[in-house]
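Structure, as structure tokens:
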Amino acid sequence: MDDIKLAKVESVRMIDRYNTKNPTVGTLYLTATHLIFVEPESNKETWILHMHVASIEKLPLSTTGSPLLIRCKTFLSVTFVIPKDSECHDVYTSLLKLFQPVSINKLYCFNYQPAKDDYPKSAGWDFFKLEAEFKHLLVPNDNWTLCSMNEKYELCDTYPRQIYVPKEATTLMLISSSRFRSKGRLPALTYLHNNKASICRCSQPLSGFSARCLEDEQMLEAIRKTNTNTDYMYVVDTRPRINAMANRAAGKGYENEAFYENIKFHFLGIENIHVQRASLQKVLEACEQKSPTMSAFLNALESSGWLKHIRSILDTSSFIANAVDKGVSVVVHCSDGWDRTAQVCSLAQLMLNPYYRTIKGFQALIEKDWLAFGHKFSERCGHIQTDAKEVSPIFTQFLDCTWQLMSQRSEAFEFNERFLLILHDHVHSCQFGTFVGNCEKDRLDLKLAERTFSLWGFMANHLNEYINPLYKPNVDEAIKANLAPQCIKFWRGMYCRFESGIHPREPLGDLLLDSKEHTNSLEDHVQHLSKRIASFKSYISKSAKKLQDATSTNTTKVAKEVASTPNEINDNKYNYDKKLSELSAADDDHPLKANNMSFANLSLNAEQSSSPQTLPDEIESVAIDWKPMRNVTACSCSTPFDQFSKKTHCWRCGDIFCERCIDKNVSLPGHDSGKPVPVCRGCFRQMQKQSP
């Protein structure tokens, strides 16, 4: 590849802030997609995807070499000390070209091919349809209808083609409201609760100091009328009041309660994308302190304001959720309606509806409120070279707020922390086309469903890794966030994920899930063996009865023959040999024939599907004892396990493997359910040999 000036550098030292005195020495490889550091002694590999790189900094030359500091969007921070300055410069210039392409068509997703054909390219792209998601909410109905005016994105090019509006809304109202709202983002339905209260989203009105639009006022009144519970509704502006007032000077602003009847207006104070970007940068600085004291870390975290921002987002979301739960409709906007509005609308739905707390429902929520309604993923995540001021951790904050809710109500969520981390990493990786582009129209123009793989298709093959073992499906309909300051936590698992020595060796969720899977395997095995035992009992009982009846019948027959021939020679041996020869010559299958006298040769009854000879294989196919996870430090392929590696048991042999070595799922003969379960490559090959 032309962009790679140097593909391999030896004797490179890798330094992290917890291991400055004993850096690891290895070989650095630069490929078209990854930067790979290999430690020959431990065989440990550190892979850094180019698309995950946030910044590259060439530090001043030192006595040991030329240091290259790489910070990643996954919050990995690592320094490579390269012996020669010229080699460091070549790696540096190559990475500058590779980590942030100029064109969107140069992104990783357009060249990515899975290592094995686990799923087709089309898998996942048809999992979610906007019409189906609204049908789940019982829309359209008597009050809400599908608007076809945006079929070609003429009404608003950052909205989905299918938007749902009040039935009372006229064409003039829709067009005029769109023209009166920033970026044409008119009020549209995003959620309808079971009590008829709704959440609609839009952008700020172009009101300035005194401008008004009668049709926009009528549009909001039409939204209010769809809910007969109350005679008013809330309009929530997620911005601080001072920001909204400043926008009035630019001809934008907020709704005037004097013009809009029957609304209650609220400012709820979430800061803009620039404040959030600066706040996250301070969080990273707090995490990157060398040997921080308790007070230094806490002071740095406090000065970042990050947890205050997280609480502010949860507070606004809670206000919306509580209003809807009480039967009051809410219209939400920020400036353009694609950042803070997406955060609070989706979190409010997460609190209100248990469907969105499932794996499928959460993915549907992202598809609807983030992808379809035009959150600018490519700009906010810095997928390509763009204005750095447009980059902001908006989606990261949404995942953080979700994690806060999970920490408070773990039993209410089907998914675990790993699920959120996978989402975060792949939003930035561009390995899949799901999050590429800034709106639905962008994705259609790029033909992503034809040219790239879907993240949802990939995740569907790994669902067992995302299950929360504490999940209770029948938990309360709505959940509420505890906003007490001491309940808002720093998410160590996200921002300090790669720091060794501060995490448990195995996450509690992994241990619980592993125990649950082991129990499920044993119960499935017991069920199978119980059925086999019952079948054998029935088989033996019926065979014994058949033999007993046959013996009784034959005895009676012989007695009658003896009685009818009194002159016959009274020699037991002679009579026995004679009857035996008669039986052998008979054409019918007499039960006392010599070749039918053993149980093994008697045919099995209809209930028995497999022979007794297969029983040892069935018993051996299921591991009774699973190797404990605690002291396993490396896979059999020599891949070391760290705090965020998923350790997976083979259900056949009970040993522990990394994700690369346990990529097969098959049905075990000793399981009653017949469900495919994870097995290692060795067991898979052995089973392939045994199968007929």
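Cβ coordinates come from backbone N, Cα and C, glycine included.
These figures come from a predicted structure and were not determined experimentally.
As given in TrEMBL:
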- Cys334: active site, phosphocysteine intermediate (ACT_SITE)
- Asn272, Ile273, Cys334, Ser335, Asp336, Gly337, Trp338, Asp339, Arg340: substrate binding site (BINDING)
- 124-495: domain 'Myotubularin phosphatase' (DOMAIN)
- 304-347: domain 'Tyrosine specific protein phosphatases' (DOMAIN)
- 637-688: domain 'FYVE-type' (DOMAIN)
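Note on the domain 'Myotubularin phosphatase' (124-495): its mean pLDDT in the predicted model is 94. The record gives Asn272, Ile273, Cys334, Ser335, Asp336, Gly337, Trp338, Asp339, Arg340 for substrate. Within 8 Å of the mean position of their Cβ atoms, the other Cβ atoms in that chain belong to Ser203, Thr238, Thr341. For the domain 'FYVE-type' (637-688), the DSSP-based tally of helix, strand and coil residues reads 8 helix, 11 strand, 33 coil. Of all the Cβ atoms in the protein chains shown, 19 others lie within 10 Å of the Cβ of Asp336 (substrate binding site).
The C-beta environment of Arg340 (substrate binding site), restricted to residues of the same chain at least 6 apart in sequence and closer than 8 Å, consists of Thr238, Arg239, Ile270, Ile313, Thr316, Cys334, Ile394. Neighbour counts were taken as the number of other C-beta atoms within 10 angstroms of each residue's C-beta; across the binding-site residues Asn272, Trp338, the minimum falls on Asn272. With DSSP classes pooled into helix, strand and coil, the tally for the domain 'Tyrosine specific protein phosphatases' (304-347) is 29 helix, 4 strand, 11 coil.
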